[in-house]
Amino acid sequence: MTKFVFVTGGVVSSLGKGIASASLAAILESRGLKVTLIKLDPYINVDPGTMSPFQHGEVFVTDDGAETDLDLGHYERFIETRMKQANNFTTGRIYQSVLEKERRGDYLGKTVQVIPHVTNEIQEFIKRGAGIGTPDAVDVAICEVGGTVGDIESLPFLEAVRQLSLKLGPNNSAFVHLTYLPWIAAAGELKTKPTQHTVQKLREIGIQPDALLCRALHAVPEEEKEKISLFTNVAEWGVISMWDVDTIYKVPRMLHEQGLDGLICDKLRLNTPPANLKRWDDLVYETEHPRGEVQIAMVGKYVELSDAYKSVNEALKHAGMQSHVRVKITHLDSETITDDNAAQQLAQYDAILVPGGFGSRGVEGKISTARYAREHKVPYLGICLGMQVATIEYARHVAGLAGANSTEFDAHCKHPVIALITEWKDEDGTIKTRDANSDLGGTMRLGAQSSDVQPGTLAHSIYGDVVTERHRHRYEANVQYLDKLRTAGLVISALTQREHLTEIVELPKSVHPWYIGVQFHPEFKSTPWSGHPLFNAFIKAAVEHQKPAAKA
């Protein structure tokens, strides 16, 4: 039978519920259990696909094409289970499902209410995420309830998990509550009052936490733990300290040493071998003992919020570990870069990366960045839009197509080398179509797709004969211009098998040591254990580029 752990948060948001949930899952997995994670988001958007990265951070894409919360990226990087559409749902998706049922008459004329109809639907979605009744069923499903206890948006979710816990019966569910202990510098002490109040609020709803994860700047003293235990009705060994660390990969060991996994296994009556966290210890050692450092310039438009490029940041760090170097990432605003100042802004970096994005703001700066990298033979990796700007730059300055652009930025440009895809086939064989009037939400080319890779290319040395990666885009290299670009020397090294859409462009080794653009998002498949072949090759190229510069 699948057991459930419900993770809630209090006092403030952004405490790290996603990391805490993923860390607990990783420890339980190391005990030999099959684990999955489910993220419940209280906002009314159907999914985060149309939300601004400034509002929400990165949109993480799964193999089955779901646009999900960035926490699912943490989940995939921490545990072996792959995430799917069912692992993330929102208030919007719940209400959409309830209203569709009401229109079909599934409720037999009853008045549709939050309790029981919405709360029942939430419970069904949770069970679906846990794979109950399917071959994907797990031993433990960890459900992270987004938002903060006390938010009006979270109430239906908290009521739903309370009801589900009751239905599951004793020893089949546990509650973990993440809270915050502020440090008052003037008084020189940690304050427990906000934690007392947030647990009081949770208990009013009918939920008694089994464990409290207390986020603080430093470890929580024992006398404070005793006080928290007394006022929250949580056993003292269930009051667990979560202090700030320099790498998230230290969190599993931190929680294990304070007995969180033992407490959960006892509560859920799970008889397992002891946790083996050796690979996490090795990972932490690798991050703390680099043999060098490389400087990477990431040129984008959402640079004020690093969460907008969370998976790219992590993939670069993973690749650094594979090459035993520390990767120092500098986020540069593409709006500040021009052909005239590109050298001044970019000369000190060992490699340049242009990540994905949407809209025309800052795009000319990205084109200038691609030009600088090409002309100065700096290793360049373009992802999604980064591949498109590299194509536009090459068309303008090498292929002689003056005025080349994307129809996303200029609908009437003279040479639309990048244009809207109107038809493509999904991995399951269904043909999707769209036009300029299609809704923004859910109309992109999404999820895992496979392409053939041309032998003798840089891409082939990285991927082999076939590349399967996740996509999230509406625009694509225009097939009508491929021959002109090839004639001018651009290598189209991977094409999709059915539509012959461009997946990878690159420059020959004789022209540039390492210059590649990919239409897909490789960052979503990077893991701390092996990195990702494309990012690993990129960081190796950065290390190589550093050598002559270091000698000089």
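Glycine is no exception: its Cβ is also placed from the backbone N, Cα and C atoms.
Taken from Swiss-Prot, the feature region 'Amidoligase domain' applies to 1-270, supported by sequence analysis.
What Swiss-Prot records for Ser13, Lys191, Thr192, Lys193, Pro194, Thr195, Gln196, Lys227 is UTP binding site, and it gives sequence analysis as the kind of evidence. In the three-state DSSP classification, Lys191 (UTP binding site) falls within coil. Within the same chain, residues at least six positions away from Lys191 (UTP binding site) with a Cβ under 8 Å of its Cβ are Leu181, Pro182, Trp183, Ile184.
According to Swiss-Prot, the feature CTP binding site maps to Ser13, Asp151, Ile152, Glu153, Lys191, Thr192, Lys193, Pro194, Thr195, Gln196, Lys227. Around the Cβ of Thr192 (UTP binding site), 21 further Cβ atoms fall within 10 Å across all displayed protein chains.
Classification of Gly16 (ATP binding site) by DSSP places it in coil, neither helical nor stranded. Taking a C-beta cut-off of under 8 Å and a sequence gap of six or more, Gly16 (ATP binding site) has these contacts in its own chain: Leu178, Arg215, Met242, Val251. Residues or ranges marked as ATP binding site by Swiss-Prot on the basis of sequence analysis: Ser14, Leu15, Gly16, Lys17, Gly18, Ile19, Asp71.
Per Swiss-Prot, domain 'Glutamine amidotransferase type-1' is recorded for 295-548.
According to Swiss-Prot, the L-glutamine binding site annotation covers Gly357, Leu385, Gly386, Met387, Gln388, Glu408, Arg474, on the basis of sequence analysis. Same-chain residues at least 6 positions away in sequence with a Cβ under 8 Å from that of Leu385 (L-glutamine binding site) are, in sequence order, Val354, Pro355, Gly356, Gly357, Phe358, Val363, Lys366, His473.
If you draw a 10 Å sphere around the CB of Cys384 (active site, nucleophile), it holds 23 other CB atoms from the protein chains shown. For Cys384, the entry in Swiss-Prot reads active site, nucleophile.
As annotated by Swiss-Prot, active site applies to His521 (among others), with the evidence given as sequence analysis. DSSP assigns His521 (active site) to coil, not to a helix or a strand. In sequence order, Val61, Ser311, Gly356, Ile383, Cys384, Glu469, Arg470, His471, Arg472 are the residues of the chain that are 6 or more apart from His521 (active site) and have a CB within less than 8 Å of its CB.
The annotation active site is assigned in Swiss-Prot to Glu523 (among others). Neighbours of Glu523 (active site), defined as other CB atoms within 10 A of its CB across all chains, total 29.
Distance between Cα atoms for Ser13 (UTP binding site) and Ile19 (ATP binding site): 13 Å, as a whole number. Across the structure, Gly18 (ATP binding site) and Thr195 (UTP binding site) are spaced 19 Å apart at their Cα atoms. A helical conformation is recorded for Gln388 (L-glutamine binding site) in the three-state DSSP classification. Considering only the recorded positions Lys17, Gly386, Arg474, Glu523, the residue whose Cα is spatially closest to the Cα of Lys227 (UTP binding site) is Lys17. Neighbours of Lys193 (UTP binding site), defined as other CB atoms within 10 A of its CB across all chains, total 11.
Here the binding-site residues are Leu15, Ile19, Met387, and the one ringed by the most other CB atoms within 10 angstroms is Met387.
A gap of 45 Å separates the Cα atoms of Gly386 (L-glutamine binding site) and Pro194 (UTP binding site).
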